[in-house]
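For GLU137, GLU175, HIS178, GLU261, the entry in TrEMBL reads Fe cation 1 binding site. Under the heading Fe cation 2 binding site, TrEMBL lists GLU175, GLU228, GLU261, HIS264.
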Amino acid sequence: MKCTLLRIVLACRRCSSAGDGGRFMAEIAGLGKGSTGTGRRAAVAAKHEEEGTDDEWLMYLKPAKLEVFHHLEPWAEANVVPLLKPAEVAWQPTDLLPDLASLGADGFHAACSDITARAAGLPDAHLVCLVGNMVTEEALPTYQSIPNRFEGVRDLTGSSGTAWARWIRGWSAEENRHGDVLNRYLFLSGRVDMRQVERTIHNLINSGMVMNAARSPYHGFIYVAFQERATSISHGNTARRAKEHGDMALARICGAIAADEKRHELAYTRIVGKLFKIDPDGAVRALAYMMRLRIVMPASLVTDGRDDDLFAHYAAVAQQAGIYTASDYRSVLEHLIKQWGVEELVAGELSDEGRRARDYVCALPRKIRRLEEKAHQRRKAKPTTLTPFSWIFDKPVNITMA
């Protein structure tokens, strides 16, 4: 689900001002210099404190809004739950990596040696991106808790038979394989300091994640729809880079994960698309809210215990390696605007706030494109710096912070 290479922690309304444009562009791509660990946690605490007083999203917890999801349950049963794959037919990590039981000792040793040899050809920058994606995927306990905060759809018993609850559990079960298979690959590769990677996973799960309007299903489903498409792009780009460097095992792994994320994206996009049909005013206002101030990607709190700006450094590597870029972020937004028919929303169906929200969202990709161009020019003018990553035994990677 989790593409960590991007965060929006500044208000989009600020992006039109000359003084803040560059900083906004850096942060939406995850390229700007991050805050220190202490400052980041203070910001999180402040956001959580303000969450309970934000009437703009709290209105989505009123019974009339939540009743929508009760009425949509038969629709979800027919249109969302079938997108899950049963365990009997879904790929499993053992299908994509050497299995001692089936290969025997000699065959297993040869297959593992082949993985190690091919992984040796991956550039350090691509390896950093792969570790970052794996760490994010491994924080699944946090992500399963997210939709279980959404009022009106959460799994109240832990084994509820509602369509919404079964989707949450099934989606989590499919996501669980992603971190597993990437973790095993990296272990076999011999290229990474697994203890440092494991500490990073531990820290990330312990830190949690920032998600605003976390109890609103409108805002929550918009968040996850965006997230799933971004993650599919990131894993798909990683698969292509792995193939270019001759690592077909990694290409198959990342390709399989990207395909899962595409299915999951389809589910969440369908849900939000249905909300746009039933309640266009509420849906477009929720979308504008999320895009204006509130999207923070899951691993924004990531730390290895050494680098307080690890997320920003990791995101800068991803931008330069072409794994996930500011242009990808913009393309996700453009896709969702088109998918949900935001530009075609009829003014007569919208309140004044809804019309302003529609206009804001539709203008946002053009603003981001302009800021992309400015950030690109700044990066060209700045020297690269060598930044060590503990994940790869403190080897340095050249990055440019926009």
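Using the three backbone atoms N, Cα and C, a Cβ is placed for every residue, glycine included.
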Next item on the list: Tally every other Cβ atom lying within 10 Å of the Cβ atom of GLU261 (Fe cation 1 binding site).
Entry: 26
Notebook entry, point to check: Distance between GLU137 (Fe cation 1 binding site) and HIS264 (Fe cation 2 binding site) at the Cα atoms, whole Å?
Noted result: 14
Margin query: Using the alpha carbons only, what distance in Å do you get between GLU261 (Fe cation 1 binding site) and GLU228 (Fe cation 2 binding site) once rounded?
Written below: 6
Note to self: Tell me the Cα distance separating GLU175 (Fe cation 1 binding site) from HIS264 (Fe cation 2 binding site), rounded to the nearest angstrom.
What the structure shows: 9
Next item on the list: Take the C-alpha atoms of HIS178 (Fe cation 1 binding site) and GLU228 (Fe cation 2 binding site) and report the distance between them in angstrom, rounded.
Entry: 13
Check: C-alpha of GLU228 (Fe cation 2 binding site) to C-alpha of GLU175 (Fe cation 1 binding site): distance in Å?
Finding: 11
Margin query: Cβ atoms within 10 Å, counted per site: which of GLU175, GLU228 has the most, among these binding-site residues?
Written below: GLU228
Note to self: Say we define neighbours as other CB atoms within 10 Å of the CB. Which of the binding-site residues HIS178, HIS264 has the fewest?
What the structure shows: HIS264
Item checked: Packing count at GLU137 (Fe cation 1 binding site) (other Cβ atoms within 10 Å of its Cβ) -> 27
